[in-house]
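Undergrad: Take a look at the following structure, please.
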């Protein structure tokens, strides 16, 4: 957890300076599995540091890396799965729930980026975000 500050700062800064850098890696093969594991494990103990960075991470990703309908469902399922990892403190839980709220609101505000080919923004929001809520409730 001690190196996670440097990890997040480097990754977010690099993504901001070089937004096309994501096109050089296969997000599904290289990044997503490791990222999902990171979320499922409760950020390996760096909840108070990593959870607030998640919305910035989502914002740094180009829309083509999230073109799969399952991306948001996978994101929220893995985030939710890590909520009780390593006996979180009250501050860790607060960081978790704030991250859920911020990421959910980010998804709602940016649904138009992912609703390509859908007849309406409302349809896009229903197809992208509703499955996330259902999966979290039934998890």
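The chain as shown is numbered from 1 upward.
Each residue, glycine too, has its Cβ placed from N, Cα and C.
Keep in mind that TrEMBL annotations are predicted by a computer and have not been checked by a curator.
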Undergrad: In TrEMBL, which of 90-113, 114-137 is tagged transmembrane segment?
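TA: From TrEMBL, the annotated transmembrane segment range turns out to be 114-137.
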Undergrad: Would you list the DSSP helix, strand and coil counts for the residues of the domain 'E3 ubiquitin-protein ligase listerin N-terminal' (1-60)?
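TA: Breakdown, helix to coil: 52 helix, 0 strand, 8 coil.
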